[in-house]
Amino acid sequence: MELLKRKIVEEGIVLSDQVLKVDSFLNHRIDPPLMLEIGRTFASLFRESAIDKIVTIESSGIAPAVMAGLELGVPVVFARKRKSLTLQTDLFTEKVYSFTKKEESEVSVATKFLSAGDRVLLIDDFLANGEAALAMARIVERAGGQVAGIGIVIEKSFQNGANKLTEKGYRVESLARIASLADGNVSFAE
Ligand code: G4P
Ligand code: NA
Ligand code: NA
């Protein structure tokens, strides 16, 4: 997606060989027209996939997921990182190991928002090692649903998440694929 790549080049800050900061349009401040284009692009990629619902993880997955949901006409469920105050007992909870943070966390979705037979599109802002996407997939599959595809805004292709997800048979569509962040430069994969 050319508009997104241009935004990354103009506003992204390469923090290290591993980490790209994009807080001016995705992770802190949000650019709504760009998010709408992102949603339209996901919708056109998955229009024929008979999606029933979108699942993402709070917080940065929500904006692109909502725009895709708007375009596809389906609801959006975000997995929560902390259990809601209104004590929920009926939850699917899965562990997510972060290689970046070297710590384990949990994400949960209320069982009432997932149904057996659901065809689910997973959406996330970043794909690094794929642990967050795999946790979402486990939740959907425990509910008896099917992961119809995975939509990623920015894939770091030099990390192994995309390979892991593809090897498991999931269809992964990333709107920008970064081959390298070496020497402070963003290089996109072809
Ligand atoms: P890992 O598997 O490589 O260890 O990374 P992980 O997916 O656990 O990522 C941890 C958090 O860091 C996630 O956000 C993820 O989106 C984000 N992230 C991973 N790589 C990058 C990167 O290069 N740049 C930016 N900006 N973020 C990255 P989160 O903690 O869930 O936060 P949020 O969704 O609330 O923003
Ligand atoms: Na993030
Ligand atoms: Na995220």
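Each Cβ is built from the backbone N, Cα and C atoms, and glycine gets one as well.
Annotation source TrEMBL lists xanthine binding site at L20, N27, K156. Under the three-state DSSP scheme, K156 (xanthine binding site) falls in the strand class.
If you look up TrEMBL, you'll see 33-157 marked as domain 'Phosphoribosyltransferase'. In the predicted model, the domain 'Phosphoribosyltransferase' (33-157) has a mean pLDDT of 96.
Around the Cβ of A132 (5-phospho-alpha-D-ribose 1-diphosphate binding site), the same chain contributes I57, V96, V107, D124, each under 8 angstroms and 6 or more positions distant in sequence. As annotated by TrEMBL, 5-phospho-alpha-D-ribose 1-diphosphate binding site applies to A128, N129, G130, E131, A132.
Annotation note: E131 (5-phospho-alpha-D-ribose 1-diphosphate binding site) sits in a helical segment as assigned by DSSP. In the three-state DSSP scheme, N27 (xanthine binding site) is classed as coil.
Recorded residues L20 (xanthine binding site) and A128 (5-phospho-alpha-D-ribose 1-diphosphate binding site) have their alpha carbons 11 Å apart, per Cα-Cα distance. Apart from A128, N129, G130, E131, A132, the residues listed for 5-phospho-alpha-D-ribose 1-diphosphate, the same chain places the Cβ atoms of V96, S98, F99, L127, A133, L134, Q159, G161, K164 within 8 Å of the centroid of those Cβ atoms. What surrounds the xanthine site, by Cβ distance within 8 Å of the Cβ centroid and not counting L20, N27, K156, is the set G12, V19, K21, V22, D125, F126, I154, I178 from the same chain.
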